[in-house]
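Shown next, in structure tokens, is the structure this report addresses.
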Amino acid sequence: MGEGTTKENNNAEFNAYHTLTAEEAAEFIGTSLTEGLTQDEFVHRLKTVGENTLGDDTKIDYKAMVLHQVCNAMIMVLLISMIISFAMHDWITGGVISFVIAVNVLIGLVQEYKATKTMNSLKNLSSPNAHVIRNGKSETINSKDVVPGDICLVKVGDTIPADLRLIETKNFDTDESLLTGESLPVSKDANLVFGKEEETSVGDRLNLAFSSSAVVKGRAKGIVIKTALNSEIGKIAKSLQGDSGLISRDPSKSWLQNTWISTKKVTGAFLGTNVGTPLHRKLSKLAVLLFWIAVLFAIIVMASQKFDVDKRVAIYAICVALSMIPSSLVVVLTITMSVGAAVMVSRNVIVRKLDSLEALGAVNDICSDKTGTLTQGKMLARQIWIPRFGTITISNSDDPFNPNEGNVSLIPRFSPYEYSHNEDGDVGILQNFKDRLYEKDLPEDIDMDLFQKWLETATLANIATVFKDDATDCWKAHGDPTEIAIQVFATKMDLPHNALTGEKSTNQSNENDQSSLSQHNEKPGSAQFEHIAEFPFDSTVKRMSSVYYNNHNETYNIYGKGAFESIISCCSSWYGKDGVKITPLTDCDVETIRKNVYSLSNEGLRVLGFASKSFTKDQVNDDQLKNITSNRATAESDLVFLGLIGIYDPPRNETAGAVKKFHQAGINVHMLTGDFVGTAKAIAQEVGILPTNLYHYSQEIVDSMVMTGSQFDGLSEEEVDDLPVLPLVIARCSPQTKVRMIEALHRRKKFCTMTGDGVNDSPSLKMANVGIAMGINGSDVSKEASDIVLSDDNFASILNAVEEGRRMTDNIQKFVLQLLAENVAQALYLIIGLVFRDENGKSVFPLSPVEVLWIIVVTSCFPAMGLGLEKAAPDLMDRPPHDSEVGIFTWEVIIDTFAYGIIMTGSCMASFTGSLYGINSGRLGHDCDGTYNSSCRDVYRSRSAAFATMTWCALILAWEVVDMRRSFFRMHPDTDSPVKEFFRSIWGNQFLFWSIIFGFVSAFPVVYIPVINDKVFLHKPIGAEWGLAIAFTIAFWIGAELYKCGKRRYFKTQRAHNPENDLESNNKRDPFEAYSTSTTIHTEVNIGIKQ
């Protein structure tokens, strides 16, 4: 057992298995290549090494959760108030405060518990099985039970459960894009052994296979060498865990300075002022500010009594302190965000961290991957060039698998290069090529045999299948995306694979169509072509070919396709100038073809070449035929070049519209992709990330707009900061490039989001202000590092998230304004109330502590929730992002808070004094802050009037802040009827409507129910005072409307003096205008790339 432990310790530290042979690796790790581990050894290693996971489920620490909820400055004020109340034996006030604390903490606990469970469920979205050899027998086990030393078997479609030193490989390729970012499969070879002195990167260790990689071809056997956090992917996951960095030492500073800095960081983290999103930090700072204001006001109360503090003075101090704390804010904020997160699920956005949804409202820049996010992740044929025949173009095809969609046109005789350089403009484009083909309505000088030969090759040098699913009535396809694109075009031209080979397809929709290109299946049960042999695509030669026998003309045919350079190297001839005779392929001819390859590539297309050759039965004997069908070099020699196809991954239908809306919202979109420059540039121009026909740009701007990863990484930080514009497109982008891009954005004070799906994207996802992972193709590690997960991997869903984030920010701003204005009103009202002295010279509070809490917690809480549910404003996505540094506390909000607070204070004070001195005798009695006595009648009745006034003013304020500038009676100026508009305004948000109605009605039972009114709320039933309450509530409403009218006049004047701030004119402005050096419009922007 001790020896085993030593081996395991050595294995954990050893990272050079690529330098060992399979036998040496097996001996080092202590396993058998044929028998695998014994059951006893497996049990021991599982106990020693642990399960093969990237970390346990997040443990639910209830104590820590409670502490996290309590460590809030607002809750601290409530706690202190509760303790003082109980110490003074004011059980009612203490009990009410305890209830408020319990509600806040409970709701926070529930939400944090849900977030923890969500994280755990995301970790367990995929838990694949593993196939291993133990005790000489093959077993299927859960991948978490894999341990170092297991012999693992993997095949096509499997996810590799751990890092492996390969023993055997058979045509074995893996997709390591989640780890390395490289999209192309990597061919593995178990027989390779690398030198110990060589510096071999992870991606180049071709005798190893890595955890979480997908097997895309072949099968293999390997020794498990690393599991869990010791695997390559585990190392990335471990780096993401990190530490808080709160306590650190700077060698250049003294011990005292370091202690002070660390104390500030820890205190800030404890109070939430230096961690979290901008809103979280702002609210935490607000809570701290309100805490000290509450303490200050309590001191003022005690000072007014010359610090002669008894029970009544202490209770008054508590009352004033409570008036400054928006006790329901945490509850309302949590519920609003929870509702927003629930809404986003229906819009394909899963919110892992609630605060991140609000943070999206401040996003200035979005950095997105291309494949599968901006694009469909599927391939479409776009252009085909057949020498001496012409260029075929396929357009308006949205469904990559549907051959019945799209328009096919032909430019006769012109090549893509000739067409792009043609200055006459008239090239004789023939629309509806397929219909013309059937009707034989084509120019006589066009040789259809050339098209027939190319299409036959495209169909047969292909193993993909395209069919219509009868159950769903949808077109589907199986095979490689590139081959599917070619097969879809062949099917579009009524020459699918099974039409030539006779393979049965119950789902073939074109079985009744008569092909104009082939007379296949003339005899029942016969097939024109019989498959003889195939040489599959190989990443080394980058081509594939198939050998068929043509039963109709008794010829053997070899059809090949692949990368242009690979195919052209196998060709010795092509069809000559007359398009009929085969002529030798000269260097000049190859250069002509290559120009067309570049022309297609510059349009962002992936280019493949096609070639074929044929010979009769009489031209070869059996030995020669056997050599051709078994020897790739022989079969793929002396081919005849037939043509090119350009295919591409089309943008999603929603992408261009989403990009346009982002630009309209003042958000820049950057494409960071591993694809080639030409492809990235073309897609970016197609969806609007890059300009096309708008303005003329300086060369400096052009060079900055599009870069390769190596160009960007080659710049120093100073050079990046000096760029006139950060790149809108970075091609051949590495994970480190993405991190550098985020750092550059942060240095420019930008608030950015990053999308990603691979493990290698995790550092950039975590560094971005908002990390967005892909739900379908994303790795578990990337989801763990993200704040938001897109369940459909669709770029347009980010628009949904940003819109919801802005809506929430708007609504949070509204209810924060409502709640804080009430706090200001109550605090000013109570401070002014210090002037009311009873017969003993003690201050009489014009509102009791329970009245204060009732208004803050009960009356205001539900309208605030209603404000949180307000629909998005019509111009929401026409505004620029809000300043993340300022957040929701703009100068307008701050001024509004004090303005409404002062108007409300005036209304309530007028109601109290009018009741006390107008309707009643004006007697202030004695000991009226405690138990009721006969001398307190006037005070108790006046409190009721003031309580009703403040309650109703708070409710009216909720309606007023629905729009911060428009009149409550003209919320929707586009409505013709004022009456209809009024009812639309109050009924549009039914939750808000009924919560306000509830608040209005609730004032009556609170005033009239015996015991509750005089024992708890310290007020009495009233009569004529209701008239005062109603009158001064209306006065507040009029005051609020007059204030908003003044605001509208002010901002109208500001727009007149500063038209650039007008939203409507900004919407008409070109999003790239800031980069323009002239106003010459409709100038083609030719963005060149430095080589």
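Residue 1 is the first one shown; counting continues down the chain.
Just so you know, glycine gets a Cβ as well, placed from its N, Cα and C.
Taken from Swiss-Prot, the feature topological domain 'Cytoplasmic' covers 1-63, 112-282, 334-815, 870-885, 965-991, 1043-1091, and the record attributes it to sequence analysis. Residues or ranges marked as transmembrane segment in Swiss-Prot: 64-84, 91-111, 283-303, 313-333, 816-836, 849-869, 886-906, 944-964, 992-1012, 1022-1042. Taken from Swiss-Prot, the feature topological domain 'Extracellular' applies to 85-90, 304-312, 837-848, 907-943, 1013-1021. Taken from Swiss-Prot, the feature active site, 4-aspartylphosphate intermediate covers D369, and the record attributes it to similarity to another entry. Marked as Mg(2+) binding site by Swiss-Prot on the basis of similarity to another entry: D369, T371, D757. The ATP binding site annotation in Swiss-Prot covers T371, E483, K561, R606, T673, G674, D675, R732, K738, N760 and is backed by similarity to another entry. Residues annotated as region 'Disordered' in Swiss-Prot: 499-525. Summarising the annotation, Swiss-Prot assigns compositional bias 'Polar residues' to 503-519.
Sequence features annotated in Swiss-Prot and their locations in the structure.
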{"residue": "D369", "record": "active site, 4-aspartylphosphate intermediate", "DSSP (3 states)": "coil"}
{"residue": "K561", "record": "ATP binding site", "DSSP (3 states)": "strand"}
{"residue": "T673", "record": "ATP binding site", "DSSP (3 states)": "coil"}
{"residue": "K738", "record": "ATP binding site", "DSSP (3 states)": "helix"}
{"residue": "D757", "record": "Mg(2+) binding site", "DSSP (3 states)": "coil"}
Under 8 Å between C-beta atoms and at least six apart in sequence, can you list the same-chain neighbours of D369 (active site, 4-aspartylphosphate intermediate), or say none if there are none? M671, L672, T673, T755, G756, D757, D761
Who are the long-range neighbours of the transmembrane segment (886-906) in its own chain, taking Cβ under 8 Å and residues 6 or more past its ends? 278-279, 282, 286, 362, 809, 812-813, 816-817, 820-825, 828-829, 832, 950, 953-954, 957, 960-961, 964, 1036, 1039-1040, 1043, 1047
Region pair the transmembrane segment (313-333) / the transmembrane segment (849-869), three or more CB pairs under 8 Å: yes
Across all protein chains shown, the binding-site residues D675, D757 give the max Cβ-within-10 Å count at D757
Mean of pLDDT values spanning the topological domain 'Cytoplasmic' (334-815): 83
Between K561 (ATP binding site) and T371 (Mg(2+) binding site), the C-alpha gap once rounded to whole angstrom: 24
Tell me, if you would, which residue among T371, T673 (binding-site residues) has the fewest other CB atoms within 10 Å in the structure shown? T371
Remote residues contacting the transmembrane segment (91-111) - C-beta distance under 8 A, at least 6 residues beyond either end: 62, 65-66, 68-70, 75, 78-79, 81-82, 85, 315, 318, 322, 327, 330-331, 334-335, 338, 354, 849-850, 853, 857, 1015-1016
What's the CA to CA span in angstrom from K738 (ATP binding site) over to T371 (Mg(2+) binding site)? 15
Would you mind splitting the topological domain 'Extracellular' (304-312) into helix, strand and coil residue counts from DSSP? 3 helix, 0 strand, 6 coil
Counting only residues 6+ away from its ends, which parts of the chain sit with a Cβ under 8 Å from the topological domain 'Cytoplasmic' (870-885)? 278, 359, 361-364, 661, 664-667, 749, 751, 769, 802-803, 806-807, 809-811, 814, 962-963, 988-989, 992, 1063-1064, 1066-1067
Out of 816-836, 849-869, 1022-1042, which stretch touches the transmembrane segment (992-1012) the most, going by CB pairs under 8 Å? 849-869
Please report how many Å separate the Cα atom of D675 (ATP binding site) from that of T371 (Mg(2+) binding site), as a whole number. 8
